[in-house]
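Visitor: This is the structure, below, for whatever I ask next.
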Amino acid sequence: MSNNNKKWFSLNLGRKEKTSSGSCSCGKTSGGCGSSSDSHHMTDEAFNEAAIHASIGEERTKDGFEQVFDVKMDRRSAFKKLTASLLIGAGAVSTSCSVISGDESKEKAQIDWEEQFKGNYKLMTDKEKEGTVDRLVRSYQLRTGKNISMSSKNAEEDVLFGYAFNISKCQGYMDCVNACVEENNQDRNSQMQYIRIHEMKDGKGFNFNEADDNYYHEVPAEGHFYMGTQCFHCDNPPCVEVCPVQATWREDDGLVVVDYDWCVGCRYCMAACPYDGRRFNWSKPEVPEAEINHNQHYLGNRMRKKGVMEKCTFCVQRSRAGKNPACVEACPTGARIFGNLLDPDSTIRWVLENKKVFRLKEDLGTEPKFWYFMD
Amino acid sequence: MKRLKVFGSLVKDSLDTITHGSKKYHLWMALLTFVMLAGMYCYSIQLEHGLSVTGMTDRVSWGLYISNFTFLVGVAAAAVMLVMPTYVLKDIDFKQAVLIGEGLAVAALIMCLAFVIADMGGPSVLWHMIPGIGVFNFPNSMLTWDVLVLNGYLFLNITIPFYILFRHYQGKEAKRSVYIPGAILSVFWAVAIHLVTAFLYQGLQARPFWNNALLGPRFLASAFAAGPALIILVLAIIRSFTEFKIQDKTIKKIAMVVTVAAQINLIMLISELFKEFYAPTHHSESAYYLFFGLDGKDALLPWIWTAIPLNVLATVLLTFHKLRNNFKVLFFCCFILFVAIWIEKGFGLIVPGFIPGPYGKIAEYMPTGIEIGVTLGIWALGAFVFTILAKTAIGIELGKLRYKK
Amino acid sequence: MKNNINVMNKIVCFSFFLVAFFSCKHHENEYHSITDKIEAESKDYHGTSISSEAYIGEIQTIEITEGDHTFLIPERKSQIKSYACTECHSKPLSQMKSKDLKKAHWDIKMDHANANTMNCVTCHNPDNMDDLKSLTGNEIDFNTSYNLCNQCHTKQFEDWKGGAHGKRIGGWAPPRASMTCVNCHDPHKPHFESRWPASFNTQKVKERE
């Protein structure tokens with residue numbers, strides 16, 4: 001407990017550290033940078049074992065970003081948190097001077113400190129991006145003993161992602177919804193889902209008001225058709241405009257992403273989105289350890305913490321590697337088409353040029369990169 | 001160096017004043033402290049479990065906190081209705097009221113900031129918003145504009161009265177050349193804070209209920225009704241509990257301001273209702289939800305149907321000189337007007353903006369006990385701050401607090 | 001006094017213009033619409049380094065060219081359990097139906113168009129079971145069975161070639177590999193079965209109570 005409390009405020013004052021990435025890349029942040037690299041006499045394996053035993057204990061069963069960053073606390077320590085700013089100074093000094101706490105908990109403390117005071121991912125150099133990803137991977141390893149792979153792959157040149165949805169084909173099976181949740185490590189408790197499938201009555205047009213997006217009966221239902229919505233990755237995204245801290249932005253390949261660590265949780269973007277594309281972590285997100293997708297991207301499906309926004313990223317961890325998003329892959333009817341809008345030979349381009357396509361709420365000028373079409 | 005000494009003495013004296021008072025005063029402060037502590041306890045629960053302890057959901061993602069924030073920005077802006085005549089137009093009548101008004105503005109702004117912080121999902125990373133250290137998305141995000149104007153206004157409203165009181169404390173007259181520019185600036189600024197806050201909502205094409213050109217002007221009109229109404233009530237309380245003399249003339253003049261603003265507000269309300277219901281479109285659904293309920297969902301009906309009659313009643317009563325000049329009627333009108341606008345501009349504005357959702361889905365919003373607790377705590381904080389400021393200011397103005405060389 | 005106010009006015013006006021100036025949005029790549037942007041930026045498209053080849057995985061593919069489109073489809077023959085058909089179909093069909101032979105294909109029920117339009121031999125070649133046959137009697141390889149389907153389903157065929165119908169294998173990047181007709185549709189019963197949705201959100205129900 002005391003270890004946990006201290007980790008927020010610790011500075012790196014003469015602590016011996018085993019450098020994992022070679023560089024400490026938080027040059028811009030205010031945290032204690034310039035850690036001395038020194039030889040560490042444990043082997044990696046032994047170190048891991050020790051770290052797990054020493055540091056996590058009962059926390060091992062916990063999930064999500066929570067176990068990485070949040071401090072377990074009772075009501076009394078919650079009050080302490082209220083005056084955290086006053087404690088920072090004292091806490092920092094006490095931890096860094098303490099000789100009792102083990103080396104691994106000091107490493108954790110160091111990582112947490114640097115993570116707390118790192119900059120905005122959007123403005124980071126590639127080296128800094130690698131640095132924070134390394135820290136997050138290491139932190140996860142220290143706390144759970146499990147390895148994850150996290151990518152910080154940037155947008156490729158000459159790529160602009162687009163998506164097309166065939167209304168005639170969708171049968172409403174919702175396989176996409178499940179695949180999305182499994183791929184993107186969404187909170188299981190609140191049953192957060194990025195995708196909504198709207199069951200619409202034939203002959204009523206696209207009447208969302210009367211559509212049901214949470215049906216449970218055999219599908220396709222007689223006299224109905226199905227229309228999926230998710231984040232449309234607008235080219236002129238209102239959510240990005242309104243963010244006060246630029247925690248969300250449009251990448252060069254068209255993906256609208258969120259830096260979960262930079263988000264302050266004001267939910268202005270949520271109010272600004274005309275497409276219900278954004279989700280908020282009202283409480284700490286939890287995913288059973290066995291169900292965690294370990295193939296992660298910093299901007300994609302890595303573990304979130306409570307009080308931050310998240311959204312569909314067209315599975316950035318997959319799409320930037322050349323795979324289709326999980327929803328596209330899971331769709332048994334081929335109603336979902338994904339590809340590079342800049343490639344004249346791509347299938348998505350063929351759809352846009354040869355089918356009668358439309359988008360939702362085009363009059364708002366948001367320029368979604370998500371088209372609907374019919375056979 | 002001397003100024004520092006004077007300042008130190010002022011702080012000491014004011015601490016002395018605010019810790020001494022009648023039994024009623026102590027009781028009042030104890031009550032506020034208790035409510036604040038309760039609010040803090042509620043907030044600690046919210047910190048621990050996240051915003052899921054509030055009634056907000058992905059559907060209605062802003063609730064009681066932002067409602068109160070919006071309303072209080074208006075109250076803060078209303079201080080200008082007193083500043084302009086006093087400092088710029090040299091209308092002596094308001095001189096006594098204006099310090100109270102500015103104190104009220106400071107308290108309201110502190111409440112605003114507290115409400116915004118209470119609404120944040122990650123208060124520990126709020127430093128991301130500090131220009132220079134964090135990333136400030138200016139000028140794209142209206143929220144950054146709001147942060148700027150609110151803090152600027154807070155600064156103005158602290159410095160101007162502080163300068164005046166500081167001079168008076170030393171027994172000197174305040175120099176007009178020093179505070180007049182600030183006063184003029186604050187006039188523009190007050191309009192700006194409210195307009196910018198309106199733009200915060202008005203600029204969202206996703207929410208047709210907010211995305212109308214009348215929102216900004218209507219914010220101003222309702223603010224200039226509710227704010228001075230609150231000032232009248234506060235002045236009435238101060239008049240009866242302290243020796244601070246506030247002339248009837250002053251209150252009557254402020255009442256005039258309230259009346260005109262309330263009338264304009266009513267006209268705008270009618271215009272808005274006409275637009276929504278004469279030729280209802282898909283975009284009128286939020287208004288339908290607010291006034292009549294939609295698909296059997298009608299949580300806001302009791303609220304709005306309390307607010308509208310109160311609003312109309314107050315405006316009609318205030319319109320008649322005879323009734324307005326009767327202080328009992330005036331105070332009653334101010335109270336109901338304040339309540340009506342609090343509902344209309346808080347709950348009645350924020351919640352329907354989210355209902356129905358982008359795809360027509362309706363999830364109703366009802367604040368939880370914890371949310372209400374935090375809200376009450378912040379109101380108590382505002383009252384606490386105001387009491388301290390007012391007590392010191394009154395002490396200085398009455399000449400009880402003076403620098404002893 | 002007047003001077004003071006004048007200066008004040010000037011400052012206010014100046015700061016107003018300053019704010020207005022900085023608030024003007026001037027993005028570099030401003031296009032009127034996303035289609036303009038796509039058109040402009042794809043003019044000098046040189047391809048990317050991203051490839052989906054690795055994700056096709058174990059699936060054997062063959063390259064086909066139909067019209068302007070060249071892409072991969074899964075190889076079919078190796079996936080048919082008892083290919084080649086002639087290993088059993090050594091005699092003409094009329095003789096195969098005799099009682100003493102082991103029954104096969106008993107579970108196949110035709111549910112494709114109606115009996116007037118189709119029966120087994122509309123597609124299967126009774127003279128050479130290892131191949132399929134077109135309506136006019138030309139032989140069609142099992143690997144390119146889509147040529148059989150496109151005799152009637154011309155619109156779907158066009159969409160499939162372009163990529164609007166059917167599902168991609170692997171990923172979005174080149175090389176393009178698409179499922180062929182029979183990978184999703186059972187040719188004897190081509191429609192999709194109705195079933196229960198994979199997910200039901202109980203939280204959403206609570207939220208909307």
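The backbone N, Cα and C atoms fix where each Cβ goes, glycine too.
The transmembrane segment annotation in TrEMBL covers B:27-46, B:66-85, B:97-118, B:147-166, B:178-201, B:221-242, B:254-274, B:300-320, B:329-355, B:375-396.
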Visitor: For the transmembrane segment (B:300-320), could you work out the same-chain residues 6 or more beyond its ends whose Cβ comes under 8 Å from its Cβ atoms?
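Guide: Counting only partners 6 or more residues beyond its ends, the transmembrane segment (B:300-320) has Cβ contacts under 8 Å with 255, 258-259, 262-263, 265-266, 269, 289-293, 329-330, 332-334, 336-337, 339-341, 343-344, 347-348, 351-352.
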Visitor: Please tell me whether the transmembrane segment (B:329-355) and the transmembrane segment (B:221-242) touch - that is, whether there are at least 3 C-beta pairs under 8 Å between them, with each pair 6 or more apart in sequence.
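Guide: Result for the transmembrane segment (B:329-355) with the transmembrane segment (B:221-242) is yes.
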Visitor: Can you tell me which of B:97-118, B:254-274, B:375-396 gets the most C-beta pairs within less than 8 Å of the transmembrane segment (B:66-85)?
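Guide: Answer is B:97-118, with the largest number of Cβ pairs below 8 Å.
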Visitor: In the same chain, who gets a Cβ under 8 Å from the transmembrane segment (B:97-118) while lying at least 6 residues past its ends?
Guide: 43, 46, 65-66, 68-69, 72-73, 75-79, 81-83, 86-87, 126, 150, 153-154, 157-158, 160-161, 164-165, 227-228, 230-231, 234-235, 238, 246, 250-251, 254, 374-375, 378-379, 381-383, 385-386, 389-390, 393, 397
Visitor: Which bits of the chain, at least 6 residues beyond where the transmembrane segment (B:27-46) starts or stops, bring a Cβ under 8 A of a Cβ in it?
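Guide: Distant contacts of the transmembrane segment (B:27-46): 21, 53-54, 118, 369-371, 373-381, 383-384, 387.
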Visitor: Below 8 Å between Cβ atoms, which of the listed ranges B:178-201, B:221-242, B:254-274 makes the most pairs with the transmembrane segment (B:375-396)?
Guide: B:221-242
